[in-house]
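**Q** Got a structure here, written out as structure tokens. Questions coming.
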Amino acid sequence: MTNYAIILAAGKGTRMTSDLPKVLHKVSGLTMLEHVFRSVKAINPEKAVTVIGHKSEMVRAVLADQSAFVHQTEQLGTGHAVMMAETQLEGLEGHTLVIAGDTPLITGESLKSLIDFHVNHKNVATILTATAQDPFGYGRIVRNKDGEVIKIVEQKDANEYEQQLKEINTGTYVFDNKRLFEALKCITTNNAQGEYYLTDVVAIFRANKEKVGAYILRDFNESLGVNDRVALATAETVMRQRITQKHMVNGVTFQNPETVYIESDVEIAPDVLIEGNVTLKGRTHIGSGTVLTNGTYIVDSEIGDNCVVTNSMIESSVLAAGVTVGPYAHLRPGTTLDREVHIGNFVEVKGSHIGEKTKAGHLTYIGNAQVGSSVNVGAGTITVNYDGQNKYETVIGDHAFIGSNSTLIAPLEVGDNALTAAGSTISKTVPADSIVIGGSRQVTKEGYAKRLAHHPSGSK
């Protein structure tokens, strides 16, 4: 059995009120088109053809070499869009799935079941349908007294009886590939919209006494086509629920799943605890036994086993096992923390590697630095890495002790076991095992404060 796929992605999406093509709006971190394409891959298509139109280069870039593309210059209806794919699929033996690129909730399992139903029933066409409590706006499935599908009628063309029908067309179909393109040559624009309806091929097949069937979705949510921001929000809600439920089944604990945002490509190991208002985005991996507390935001990062991240932001960083971060810390892109590192409150790290068991507990900036293991970085320490034009590196050796309020002016190297005194400004190499005092010498003038305005006896 050879399968093909046609994805309809040419529309502008006027009701989205956006410069972005409709299918490129995101749901849980992926464009709607990407969600659809991932589901389509479940049927293992020999060839996938994406019909593009509005801002076609932007749409093409999302799938790149994963699909063939055809261009629909004018949007003259779904039938016309499928006609555009004829140059890619004409004459091929097999079954062709036709699906809209704005249906992000459709699952691969449902598409595979649709194909299997189509093949097992030897249909020339099979419609994916659903039962709607409120079918207004959808095309209706019209059956005869024997339950056979005889036609699909659009909302604007439906009579009073047809408008009462609850079974609706989801806009997804499977066809015998050759018969599809033969039937498309016979459809017209004689309808309320003045468009080429793909659904008109059903009546053509029926007139030729060819078998048309319908496979009914179990989950109505999968039929959602996103045409505006309201539907986009609905899709986001459903997808978020799916994602959190998947992780819970796999052993992740959520204290308040309704407030958590987790994107589609995030991986979470068992025995992770996630509190409320946590955001996990991009290609993030969370290791087993890790705890993410309220307000944590992580994107494109790898978090090792048994870490604790407390109300902090982590971007494009790698944390080994046993690391603790926060509260209110910020790990910026290019940060790597080895085992059991502690990054405390109001500490910012960027583009740096920090060795195991090193601690930076408070109010510190570490940028463009290589920090060894078992280093203590005192409160208020700053690596001065930028001169207005270039960034420079700071290297701190193993077991060094950086005193509070040290200012380390890069390029700079502090050797193993070295110590900087509190309040020092360091601009030259500190040899291993050395103590450096870089602050100004204290001068005390007894009684002088009485002459200053702040003193009770001072001048006013």
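Glycine is treated like the rest: Cβ placed from N, Cα and C.
What Swiss-Prot shows for this protein is this:
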- 1-229: region 'Pyrophosphorylase' (REGION)
- 8-11, Lys22, Gln72, 77-78, Gly139, Glu154, Asn169, Asn227, Arg332, Lys350, Tyr365, Asn376: UDP-N-acetyl-alpha-D-glucosamine binding site (BINDING)
- Asp102, Asn227: Mg(2+) binding site (BINDING)
- 230-250: region 'Linker' (REGION)
- 251-460: region 'N-acetyltransferase' (REGION)
- His362: active site, proton acceptor (ACT_SITE)
- Ala379, Asn385, Tyr386, Ser404, Ala422: acetyl-CoA binding site (BINDING)
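Tell me about the setting of these features in this model.
**A** Leu8 (UDP-N-acetyl-alpha-D-glucosamine binding site) has a Cβ environment of 27 other Cβ atoms inside 10 Å.
In the shown protein chains, 16 other C-beta atoms lie within 10 A of the C-beta of Asn227 (Mg(2+) binding site).
Same-chain residues lying 6+ beyond the ends of the region 'Linker' (230-250) with a Cβ under 8 Å from its Cβ atoms: 16, 25, 27-28, 32, 35, 104-105, 221, 224, 257, 260-264, 266, 268, 270.
In sequence order, Gly344, Asn345, Phe346, Val347, Ala379, Gly380 are the residues near His362 (active site, proton acceptor), counting only same-chain partners six or more apart with C-beta under 8 A. According to its DSSP assignment, His362 (active site, proton acceptor) is in a strand.
A strand conformation is recorded for Tyr386 (acetyl-CoA binding site) in the three-state DSSP classification.
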**Q** In the region 'Linker' (230-250), how many residues does DSSP call helix, how many strand, and how many coil?
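**A** Taking each residue of the region 'Linker' (230-250) in turn, the totals are 20 helix, 0 strand, 1 coil.
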**Q** Take the region 'Linker' (230-250) and average the pLDDT across it for me.
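**A** Computed over the region 'Linker' (230-250), the mean pLDDT is 98 on the 0 to 100 scale.
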**Q** What's the longest C-alpha separation between any two of Ala379, Asn385, Tyr386, Ser404, Ala422, the listed acetyl-CoA-binding residues, in angstrom?
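**A** Looking at Ala379, Asn385, Tyr386, Ser404, Ala422 as a set, their Cα atoms extend up to 22 Å apart.
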**Q** Can you tell me how many other Cβ atoms are located within 10 Å of the Cβ belonging to Asn385 (acetyl-CoA binding site)?
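**A** A count of 23.
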**Q** Could you say which of the binding-site residues Asn169, Ser404 has its Cβ with the most other Cβ atoms inside 10 Å?
**A** Asn169
**Q** Check each residue in the chain of Ala10 (UDP-N-acetyl-alpha-D-glucosamine binding site) that is at least six apart in sequence and keep those whose C-beta is under 8 Å from its C-beta; list them in sequence order.
**A** Val51, Ile52, Gly53, His54, Ser56, His71, Gln72, Gln75, Ala81
